[in-house]
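> Dropping the structure in here first, questions after.
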C-alpha cells in the first residue's frame, strides 16, 4: 500500500479541496506543509480512522491567516478586535463559508477546514462503502452540507428550496410530533401545515399512512410542497413509517423531507432512512450537529440522495455564513475518528438498555409502568401517578429544581396554539393519549453515572410527590408522624424489592 503524504489537491483522490485553493498555496510566498497525513491509495473511511492522532493544533496553525500571508483589502476581511475572541475562541481564524452571496463558493482563507469539514462529515456518516468498522450511516447518500443553523431553520431552507421547484404548492403534510421547531419551520417557509394524527398501537403512537395518502389525494399532489416525517422523537411516539411514506411520495411525485434531528446516533433511525430511499422517495434528511456529535448548538447537516437537490439547498441560502459550527464539527470529528464515533454509538445503545431496566425497577415500586415503545430507540416513557394536571406540573418542577434536565412530564390534556393551529394534548403527540407519563432519553455521551443519578433523583421526587398527594387527598393522614410512617413504608417496600 502506497502511504504517500499528500500535500497537493491534484494528488487527492477524493477531491478534498478545490484546485484553485491548491494553486493559491503553491504561489504563496511562505508555504507551510500541512501536518495532516492523508494517505492516498486508501479507502477514505480507513484514512479517517488514522486521523484520530493528528496534532489538531498544528493543523489549525496551518490554516491561520498569517501563516499564508494574506493581504486583505475588502470589507469582508473579518478583522477581530479583542484578542481572546481572536485567539481563544476562533483559533486566529475569522472563518466563514461562502462568498459573493453563495454559501457553496470557495474562499481562500479557511478553505481547507471548510472542505475537509464537509468531507469528514460525509465520510463518517454517509459513506457508500460497506466496511465492517463503519459507524451507523446511510449508504448511497450523494451529498451532505453542513450549515450554521439548527434543525428548525435547516428544515425551512429545505422547504424554501422545494418552493422554488413547486411554486404553486401550498401545503406540507406533517405527521404529528409535538416539538415546536419542526412545526414552526412549515409556517416560516410560508406553507400551511396539514396535521395528520398518529395511531395508537398498544402504548406506542405510529404513523397513520392511509390518512396521509387521503390528504394527498384530496388536496391534489400539485398543491403539496412536501410530506415531512420524523425519526428521532420523545416516547411514546415511534419512528415514522418512513418506507411506506416514501413509497407514497414516489407514487404521487411529492417531495419527502425527513426530520432526523438526533437520529444519526442510532443505527435504527439511519437504517429506516436508507430503506425509505431504496423503496421510495427521500429528498433530504436533516440532523443537528450538537445532538449527534457532542459540539455546541448552532449547526446541522443537510443530506440527500440527489446531489443536485442538496446543491440547490446550498444555493438557496442567501450570503455568507459563520464557519464556527463547521470548525467545531471538524475538530471534533478529527478527534473522534470513525472508531471513536462507533464506540460512542455502541455505548449510547447500552445506556438506553440500562435506563429502561432501571426505570422498570423503579416503576414496580410505585405500581407504575414503563411504556412499550419498541420503535423508539432513543427515548422511553413511564406512567406517573394519576392526579390533576397542576400536580403533574409540580412533579416536573421538582425534577427541574433537583437538576434533572431533559425529562418531560406530560399531563395529556394541555392545549397549545402554534402558528394558528390548536393542539389538543400538546406534548403527547396525540389528541387523546390515555394516561400521563414522563420521558427520559439516552443520548450520545451519556454515562452509567448519569443514569444512576437520574434514577436516584427521580426516586426522591416520586417519594415526595406520592406523600404530598396522599396528604392532600386522604384525610386520615393528619399529622407529621403519619407522613413519616408512610415514608418508612415506602422505604421498606424499596428494600424488599
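Any Cβ shown, glycine's included, is placed from N, Cα and C.
Curation does not apply to TrEMBL; its annotations are automatic.
Annotations per TrEMBL:
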BINDING   99, 320  substrate binding site
BINDING   278, 402  tRNA binding site
MOD_RES   291  N6-(pyridoxal phosphate)lysine
> Which three-state DSSP class does residue 291 (N6-(pyridoxal phosphate)lysine) fall into?
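In the DSSP reduction, residue 291 (N6-(pyridoxal phosphate)lysine) maps to helix.
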> Cα-Cα, whole number of Å: the residue listed as 'N6-(pyridoxal phosphate)lysine' versus residue 402 (tRNA binding site)?
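Distance between the two Cα atoms comes out at 23 Å.
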> For 291, 402, listed as recorded positions, tell me which one has the smallest number of other Cβ atoms within 10 Å.
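Checked 291, 402; of these recorded positions, fewest Cβ neighbours within 10 Å: 402.
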> Per residue, counting other C-beta atoms within 10 angstroms of the C-beta, which of the binding-site residues 278, 320 reaches the highest number?
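Checking each of 278, 320, the winner is 320.
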> Between residue 402 (tRNA binding site) and residue 320 (substrate binding site), how far is it from one CA atom to the other, in Å?
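Their Cα atoms are separated by 42 Å.
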> Measuring Cα to Cα, how far is residue 320 (substrate binding site) from residue 278 (tRNA binding site) in Å?
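That comes out at 34 Å between the alpha carbons.
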